[in-house]
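Notes to accompany the following structure.
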Amino acid sequence: MMYGESPIRLPRISHVSNSGSDFGSSPHHTSYIVQIPPTPDNNPAQVSIVLRGFDFNPASVLVPSAPGDIDSGSSGKDNEPDLTDVRISEDEDEEEEDTLLYKISYPLTRIVKISPIIIALYRVLIVVRVVSLVLFLFWRIRNPNNKAIWLWLPSVICEIWFAFSWLLDQIPKLFPVNHATDIEALKATFESPDQNNLTGKSDLPGIDVFVSTADAEKEPPLVTANTILSILSVDYPVEKLSCYISDDGGSLVTFESMAEAASFAKIWVPFCRKHKIEPRNPESYFGLKRDPYKDKVRHDFVRERRYVKRGYEEFKVRVNALYHSIRRRSDAYNSKEEIKALEKWKHWKVKVEEDQVKEPRPALVAPKATWMSDGTHWPGTWAVPCPHHSRGDHASIIQVLLDPPGDEPVEGKGGEGRALDFEGVDMRLPMLVYVSREKRPGYDHNKKAGAMNALVRASAIMSNGPFILNLDCDHYVYNSRAFRDGICFMMDHDGDRVSYVQFPQRFEGIDPSDRYANNNTVFFDINLRALDGIQGPMYVGTGCLFRRTALYGFNPPDVFVVEEEPSRCCDCCFPRIKKRSLATVASEPEHYIDVEEEDQFDIGLIRKQFGSSSMLVSSVKVAEFQGRPLATVYSSRRGRPPGSLTGSRKRLDFATVNEAVNVISCWYEEKTEWGFNVGWIYGSVTEDVVTGFRMHEKGWRSFYCVTEPDAFRGTAPINLTDRLHQVLRWATGSVEIFFSRNNAIFAGPKLKFLQRIAYLNVGIYPFTSIFILTYCFLPPLSLFSGHFVVETLTGSFLIYLLIITLSLCGLAVLEVKWSGISLEEWWRNEQFWLIGGTSAHLVAVLQGILKVIAGIEISFTLTAKSSTGGDDEDDEFADLYLFKWTALMIPPLTIIILNIVAILFAVCRTVFSENPQWSNLLGGTFFASWVLLHMYPFAKGLMGRGGRTPTIVYVWSGLIAICLSLLYITIKNSEIDGGRFMLT
């Protein structure tokens, strides 16, 4: 055995597509097991749903004036009364047995009220600022600076755009809400014994977890392995959970690290269950700075923790050594193959010379293959690329690393002499599957969106969980009960109209001052929380729990619509209670799945949209049924019977896995609607926002789930260069959205007005960079020329400026109050808004315009993830001081130097002038200082560690200083008349 290799024999790849490859499937495959949930066709009892009305008392209904005023005891999803009483029975004449199918359901979510005083003041300040902005802009237009029209006109245009941009961003924040979940009610409803479930077996729906990675060098396998371990150990029924790791790079390092993680999970997961470990990411848990023994009362905890920690350290050594061990292993095998090739060539040469037999000449040099531990070629990407084994040309791979568990718990063994006493602990592990989709030259693989759609299809065949949670490889589960929090929204009253539940992104490893606003707290705690009061937050790429049928492009189920009554004269003062009637299904697509109406299930149309796989098509109806909330006296009429998900499931066989390999081939999506109307949407580098937008456009609802402690945690780039490139990718995607059919202007009528404005702002905000850049150059021009944007600093101008500034500060304070963020975080966001607006956003606009006009495709660089347990452990924030030059830094650097030089120039000129213009100096200096104050984090980033400035900064500063000197000479030798430079 080579040094650094795992002592565990890794499984051989046995399910590989052989299209275009020399390596086919091996007949010696491992035994696969899967549990297929029962379909509506094999339920033990025939289900019939009877609707009956009840008396409706308008006086008993409370209609709030705004979403934020809903009582905390309400679910907040539907404030009108439910006019249906759902009864489920086997036969209508068996009245007594009908009651056995009742399941009293408790509200699983509620709205936590925000202080009405804060919300009222917040809305009043918004109105005050809107009115003051309108009056200010009207005053600015009516009072031009005739001495410097060239300075006045661009400033007014910029200010009008700023007001418009601020309005787009502020209006959707009128109805912020906070939602809370009740996990105990979820357990009582779905996991407690009753007449239908005597043993209390879990009736919760299944969840398929997707983890995506694309580059083993930029996304270290150890980070991905820790994420997988945190998923496998979550507090959710084991038999209901499946984990899929998508390796879009087809790397053997990633595959073997996942195999190592599956082996270590056999001791890590039971250890977490026994001692209730939090968080369940081993790297984060063993790196905690608090006392690990606090609140631990079991006498064997210390001993077992030491044993598991030692096992984890060995696990880290093996994973980190995979690069070297795979290279040494491959070199050894390749040397043997070269010797065999040489011997074969010599034998051929002798045979040709002696027997004069014409045979094809064998290859003298063997290919530099990458070898697995079992002595076979790796079917994915090789370290030395060759045809059929490169990043864009390799076979599809599916390997089940952990078989699906059985229905009954498997208790561990205990007793003296054992290092780990797992007696009474469930030893089962969720199913873990490694997936690498096929890639071939000539196909557009659609980056991450294409990889996600491949996972959707493969998981539909292998496990078909009605809900899908997607995570980036560096986002691990920090709260083991977070899955239950998300399911509360899906299983609550009217939960069948919820398309996804978005969790906030929280980050570790950010510098204490959060210099570059990496935490994005303003976006996650203010913007998304405010959208939760309208139609729901946007999908932001990771930490999102989807309803599978919503991803499939279906419309939400039929809803109750309002029946308009004739208007009355008193309606303006006394609002009336509106009656509801059942909506028609005319708005549903032709392929809508309804278990009670089989004739609507058009198999031919489904095949056209989903592809030729019959197993995939048949799984759609099952996923729709299993994703329904329970049919209870409080739920909607489209509920499923209690206990319908407690039955045993079928095993996973070879044919099923072979079909899963088929649906991840590169040709499968041809002539289908994958990426257009089904699954993750193609055509943008921000496929997440577009995918969520399509769901909201169909009328789906989403929710924002903020948990305590955080549901997930990840890493973010703290280096200035990486941060700018990250912002560039986001802004580029927004520009793509603006120039596409996904622009909110063209959305259908089911998208609510305020939600439409929020999505419109997503596509428009990068264009603000044009006006920001222009406005940042106005103070230097003002100081150099001796003029200001207004002719004189009048009282009206100063009063307007004071009101606008104070109202903005007041809004910031109130936002901090109802969102829970700090004022420093709000200010950091404002600073980086200006930095990004003068650099990355501007380049994104140029790239988007070039794509529209010239058809130039936009490429982006994968953000490098911080390696867990790296070599530089002395300084946790070493990357913060790492300087990497990029052209994005040129505009902000130019702005900083111009404003500094302009202030010095204007001060000297005014002090030594015979007729000093102090008002113009004061106005210009104020705005120049405002710009420099926002640019402070950028300037500090240029200094590096300890003030050591890179040479490139001096070079650019010198070039810009020369340009400024020439500009000064031109101004010195000119006469300023009416705002125009007349050279003499």
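Glycine is treated like the rest: Cβ placed from N, Cα and C.
Heads up, TrEMBL stuff is auto-annotated, nobody curated it.
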Could you tell me which of the ranges 100-119, 920-939 is annotated in TrEMBL as transmembrane segment?
-> 920-939
So, does the transmembrane segment (148-168) come close enough to the transmembrane segment (758-778) to give 3+ Cβ pairs below 8 Å, pairs being at least 6 apart in sequence?
-> yes
Select the closest residue to Asp688 (active site) from the following recorded positions, measuring between CA atoms: Lys218, Glu219, Asp248, Lys448, Asp472.
-> Lys448
Count the Cβ atoms, other than its own, that fall within 10 Å of the Cβ of Lys447 (UDP-alpha-D-glucose binding site), considering every protein chain shown.
-> 18
Widest Cα pair spacing in Å over the listed UDP-alpha-D-glucose contacts Ser212, Lys218, Glu219, Asp248, Lys447 is 16
Where, among 120-142, 798-820, 882-908, do we find the most CB pairs under 8 A to the transmembrane segment (148-168)?
-> 120-142
Cα-Cα, Asp248 (active site) versus Ser212 (UDP-alpha-D-glucose binding site), nearest Å, comes out at 8
Drop a 10 Å sphere on every Cβ of the binding-site residues Lys218, Lys448 and tell me which sphere holds the fewest other Cβ atoms.
-> Lys218
Near the Cβ of Asp688 (active site), how many other Cβ atoms are there if near means within 10 Å?
-> 24
Could you round the CA separation between Ser212 (UDP-alpha-D-glucose binding site) and Asp472 (Mn(2+) binding site) to a whole angstrom and send it over?
-> 6
Could you state the CA-to-CA distance between Asp472 (Mn(2+) binding site) and Lys447 (UDP-alpha-D-glucose binding site) to the nearest Å?
-> 14
Cβ density check for Glu219 (UDP-alpha-D-glucose binding site), other Cβ within 10 Å (all protein chains) comes to 24
